[in-house]
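Listed features, source TrEMBL:
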DOMAIN    14-309  domain 'Sugar phosphate transporter'
TRANSMEM  12-32  transmembrane segment
TRANSMEM  38-59  transmembrane segment
TRANSMEM  80-97  transmembrane segment
TRANSMEM  103-128  transmembrane segment
TRANSMEM  135-153  transmembrane segment
TRANSMEM  159-179  transmembrane segment
TRANSMEM  199-216  transmembrane segment
TRANSMEM  236-255  transmembrane segment
TRANSMEM  267-289  transmembrane segment
TRANSMEM  295-317  transmembrane segment
Amino acid sequence: MACPVQFLCRAVRTVSLVLVYYVFSIGITFYNKWLMKGFHYPLFMTLVHLTIIFCLSTLTRSAMQCWTGKPRVMLNWKDYLSKVAPVAMATALDIGLSNWSFLFITISLYTMTKSSAVLFILFFSLVFKLEEPNPYLIVVVLLIASGLFMFTFESTQFNLEGFIMVLLASFIGGIRWTLTQVLMQKAELGLQNPIDTMYHLQPLMFMGLFPLFLFNEGLSLSTSEKLFRVNELSPLLYTLIMLSIGGSLAFGLGFSEFLLVSKTSSLTFSIAGIFKEVCTLLLATGLMGDRMSGLNWMGFAVCVSGISLHVGLKTYYSKSKVHSLRQLPIQNSQDLGVPLLCHKEYEGEETADDEEQEILL
């Protein structure tokens with residue numbers, strides 16, 4: 001049993017990592033919404049973010065290579081185009097549509113609708129046989145779907161176009177995270193580290209989103225006084241700095257997710273995500289003036305109950321597999337990983353934390 005000092009240190013570490021994750025996750029949501037009020041080019045903004053994430057990932061990989069003295073993984077073209085490209089396309093559409101929806105909907109509706117991604121992740125996990133069929137999943141689906149219906153029913157700030165965009169993004173997000181799990185479980189690719197995954201994804205994501213950007217925003221952006229027809233240098237620099245801040249937040253979000261999952265567990269990450277949505281809605285109603293009725297709050301509570309039940313079921317069913325998983329050689333454990341990160345250093349950690357590490361998101 002860990003002594004009180006060790007327990008306190010681990011508790012402080014976990015709380016600190018969760019707070020860092022909250023800062024980046026909630027921060028980029030509100031920042032993008034604020035930026036969209038005066039900059040109506042969400043796809044261009046996403047392309048800038050992808051470029052910044054690629055540059056920062058490259059610098060991070062170089063720093064890690066200098067620190068460890070070991071070369072980082074570099075995929076060949078065949079694996080890159082056949083195995084990484086589907087993940088990149090799904091990720092680009094998920095992020096692009098999510099940012100695009102901020103032109104039409106409130107943060108509260110965005111947050112609530114995005115929660116439905118759990119449904120699509122479950123669906124595609126069953127399709128790809130990453131999830132075992134379970135009768136309790138029907139209850140999870142009904143709770144989340146009912147909560148989403150109650151939240152949007154007679155909402156005074158409901159926008160159909162934005163809602164469809166987020167719902168489509170959630171559907172594609174289900175494909176995205178399922179394919180990401182498959183990609184990161186392939187030990188022969190060597191993409192277990194999310195920094196390497198981010199580095200390989202960004203170029204294909206950029207190329208996949210660029211045609212959609214040209215079709216929807218290319219002409220209007222080329223005649224916009226905010227960028228290409230700017231008369232003074234200061235407004236252009238201001239726009240680029242604002243976009244760069246968003247890109248840095250996007251990279252920080254991915255990196256904070258990596259730290260939280262690797263240093264604690266995917267269960268901690270899932271639970272933190274539930275409370276993050278509560279915090280986001282409270283901030284949206286308090287700071288952004290989002291209006292929510294009693295029925296909307298009840299719908300959100302029902303949806304959170306469904307997500308919590310899903311996390312609890314994953315905890316229960318994963319514990320029965322932990323002992324058999326632990327008997328495998330440590331060099332093969334990476335094949336058993338889960339999204340965002342799969343490998344964890346076992347240095348005197350408690351049995352409970354070891355068990356949590358095997359829980360799928």
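Glycine too: its Cβ is placed from the backbone N, Cα and C atoms.
Across the candidate stretches 12-32, 80-97, 135-153, 159-179, 199-216, the maximum count of CB pairs under 8 A to the transmembrane segment (295-317) is reached by 135-153. Listed by sequence, the residues of this chain that lie at least six past the ends of the transmembrane segment (267-289) yet keep a Cβ under 8 A from its Cβ atoms are 14, 18, 21-22, 25-26, 29-30, 33, 106-108, 111-112, 115, 257, 260-261, 300, 304, 307-308, 311, 314-315, 340, 356, 359, 361. Contact count against the transmembrane segment (12-32) (Cβ pairs under 8 Å) is highest for 236-255, out of 80-97, 103-128, 159-179, 199-216, 236-255. Remote same-chain residues near the transmembrane segment (80-97) are listed as 42-43, 46, 49-50, 165-166, 168-169, 172-173, 175-176, 179-180, 183, 186, 189, 200-206, 208-209, 212 (criterion: CB distance under 8 Å, separation of at least six residues from the stretch ends).
Within its own chain, the transmembrane segment (199-216) is flanked in space by residues 43-44, 46-47, 50-51, 53-54, 57-58, 61, 72, 75, 80, 84-85, 87-89, 91-93, 95-96, 191, which lie at least six positions past its ends and keep a Cβ under 8 Å from the stretch.
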